[in-house]
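Noted in TrEMBL for the protein shown:
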{"type": "DOMAIN", "residues": "29-386", "note": "domain 'Luciferase-like'"}
{"type": "BINDING", "residues": "59, 105, 159, 229, 230", "note": "FMN binding site"}
Ligand SMILES: Cc1cc2nc3c(=O)[nH]c(=O)nc-3n(C[C@H](O)[C@H](O)[C@H](O)COP(=O)(O)O)c2cc1C
């Protein structure tokens, strides 16, 4: 019997900084090309050369401004910013690749299901069956204000609404039966209208009549991705998600998360392999261990604790600019914000007893996910160990530097994983979903 195969997803953001805040300052970084589509096309080509399952764009609909009353620190120091619409970049990436899955984040709170369904069905056609949607409910008050709302709904309601948006989108994607497009010039039959249907979806939060304007696409619906970590987020993921991203900072936490989500997937009537769980890992590579360590040190020099604390403030939606940097993170009183992310950070502090300043530095370095530093063989050992210890089905690979880490990873770590028989040598399938589930 052939060995279980690992799945790899690349982490991409249309901005200067990805997981490693400050990496844009490194002389080898392409961070300043964030507005150039050629940057993203090149990343897509690289990941496809490495036979990655896919990549996904993080997206937030705001400039982060929870720290010190504004966006000054985040903008000045080049923190996380989503400077272009990922759907348009994905269309460009689709045209230079043929197998790589192409996914974007889109918010169920701010976009109407008709818009979402139309955008992803179009991407699925453009990419010939490689579209993916990272479903987020959005947790930032500023995003709500950007969309004309006074405040965000509470988290449980946002997830209730997300369930409805998914149901409505699913109906819209199926509103054209396969084969509805006929294209018979002889008999003047462009489409078979009997195979196109109104959906008339009526929920408590969303309504849509349909049909969609876009004919049924190769995957019918995009691969659904999700990253919820609260109990309600996990319940949602168990029902819908085909890929789950997670930030976990130790093997034990990864294993507990893995078991919990797989149980939820099965409880929702799905097979465990219908949902791939991919924790984030940050990678720093070198030909020898000492070169890799020197490289990590040089890159991590650029990670500023202040920007890290600003980004923690953004992640939690709570301004921490007045808190002393030497205050233990566990002593902070937090009652609102993004609880799932706080839990991930607390995992780190419980283990290491970090202060806020140290947490800022760690967050700026890798958002507290494991930063794997070493030779290609050492990195492959780590990944294989996590993979075989039932921590995950694969990884979301976060490059310390774009595009260098991806280029090195594809050239050196991927062949090592392939030699071990735990990662594909060739794509077997043409759609994102088939590559993920087989
Ligand atoms: C790896 C990862 C990527 C994420 N990407 C986004 C994103 O692009 N946009 C967004 O609004 N939220 C993003 N989130 C936040 C999640 O959607 C979710 O709100 C968060 O993990 C908290 O989970 P909860 O809502 O269940 O508490 C991401 C989370 C993780 C772990």
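Cβ from N, Cα, C; glycine included.
Unlike curated records, TrEMBL annotations are generated automatically.
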Seminar exercise, completed: Given the binding-site residues 105, 229, 230, the candidate whose Cβ has the fewest other Cβ atoms within 10 Å is 230
Problem set entry | Local confidence of the domain 'Luciferase-like' (29-386) - pLDDT mean | 93
Exercise. Listed binding-site residues are 59, 105, 159, 229; which sit with C-beta under 6 angstroms of ligand 1?
Worked result: 59, 105, 229
Problem set entry | Longest CA-CA distance among 59, 105, 159, 229, 230, per record bound to FMN, angstrom | 20
Problem set entry | Secondary structure at residue 59 (FMN binding site), reduced by DSSP to three states | coil
Seminar exercise, completed: Mapped onto three states, the DSSP assignment of residue 159 (FMN binding site) reads helix
